[in-house]
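Shown next, in structure tokens, is the structure this report addresses.
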Amino acid sequence: MSYIQNQDKAVYEAIQNEYNRQNNNIELIASENFVSEAVMEAQGSVMTNKYAEGYPGRRYYGGCDYVDVTETIAIERAKALFGAEHVNVQPHSGSQANMAVYLVALEMGDTVLGMNLSHGGHLTHGSPVNFSGKFYNFVDYGVDKETEKIDYEVVRQLAHEHKPKLIVAGTSAYSRQLDFKKFKEIADEVGAKLMVDMAHIAGLVAAGLHPNPVEHADFVTTTTHKTLRGPRGGLILCKEEYKKDIDKTIFPGIQGGPLEHVIAAKAVAFGEALEQDFKVYQEQVIKNAKVLSQTLQEEGFRIVSGGTDNHLLSVDVKNSVNVTGKEAEATLDSIGITCNKNTIPFDQEKAFVTSGIRLGTPTATTRGFDEEAFKEVGRIISLALKNPNNDTKLKEARERVSRLTAKYPLYE
């Protein structure tokens, strides 16, 4: 960091402050993770200098020999991780990966079946404020009011009623396994294609701890961060028959030059995910999520759907301790625990207020937190949210957070 320190003290100070925040706080945002130093080094390498429109072996610029090498490595490693016939590693984000699939599979105004955002879906699955909801006719499916789990018979009924051209299976705040085989059966019944957005669970899928959607879906999209623990970016996996359409939709359709420094970092992350240690890590992520869920339930908190099968859980704080998600987020932030307010199914609060918070275990697990540590995290959360105006209790909670972060330092 010495170059930045000497040249731009304001940016250097902000970066150092962010490092201190990450090191001294417990990160529980489910969509975040800590990349390895090798991934960071690749992303900060000379690959950032190279413009490389096109694909390996077919570039519109000279001097692409070595970015061809790293991009090809990324492609082959992603294929090996997920068993995909074709992979495009160029999407700058998960949203752009989703956009590319929509442009291939749909015409403007076509009907699509996607999960309701407030029930655990994603903005790009048809939210009216997102391009997906503006360009296409999305029909929502959600969770059952009693079980708070997806009712596949309701999904089937909606599919038969609305005859979508595409069904989107994927979530951003759903703590249960998705039945991709059942989604595919429903899609086939109505002649729809199936797209799976596995952004949140890609690491679990890569480790063999969640069913793999690749064998069922026509298209699979994901981010490369979150549980996959790579740089921020996107990825598309598809059947060979869609290769040409997907590739030309990414470039030149919606992107120009790929971010080859990010692709190099993706290659490194995919290599890490192929190691046995990665499976051990993902197993711990799930164990920690289950322990956190159980601890909070023992403390009197209601967990949406009653628990978790993956890396995250949604906590109904409004009906547990009578604070909103917004208030809970602020209280936890004040003691050094970072999370995000989140709507829960059938939420009566506005989206910027919410009745819930979403908690995820990947980031803290990366720095070494085990089940005992997450039991303590659950107790600290309970202490703070039950005493949001008690300075003595909040001071105690902050001190307990500091003991945990000191025990499991970041990047050492």
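Cβ coordinates come from backbone N, Cα and C, glycine included.
Annotated features, as they stand in Swiss-Prot:
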BINDING   Leu117, Gly121, His122, Leu123  (6S)-5,6,7,8-tetrahydrofolate binding site
SITE      His225  site 'Plays an important role in substrate specificity'
MOD_RES   Lys226  N6-(pyridoxal phosphate)lysine
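Projection of Swiss-Prot feature records onto the structure.
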residue	record	CB count, 10 Å
Leu117	(6S)-5,6,7,8-tetrahydrofolate binding site	24
Gly121	(6S)-5,6,7,8-tetrahydrofolate binding site	24
His122	(6S)-5,6,7,8-tetrahydrofolate binding site	23
Leu123	(6S)-5,6,7,8-tetrahydrofolate binding site	16
His225	site 'Plays an important role in substrate specificity'	26
Lys226	N6-(pyridoxal phosphate)lysine	28
Leu117, Gly121, His122, Leu123 excluded, remaining Cβ within 8 Å of their centroid ((6S)-5,6,7,8-tetrahydrofolate): Gly114, Met115, Asn116, Thr124, His125, Gly126, Ser127, Asn130, Ser172
Secondary structure of His122 ((6S)-5,6,7,8-tetrahydrofolate binding site) (DSSP, helix/strand/coil): coil
Pairwise Cα distance for His122 ((6S)-5,6,7,8-tetrahydrofolate binding site)/Lys226 (N6-(pyridoxal phosphate)lysine) [Å, integer]: 14
Integer Å distance between the CA atoms belonging to Gly121 ((6S)-5,6,7,8-tetrahydrofolate binding site) and Lys226 (N6-(pyridoxal phosphate)lysine): 16
For His225 (site 'Plays an important role in substrate specificity'), the three-state class that DSSP assigns: coil
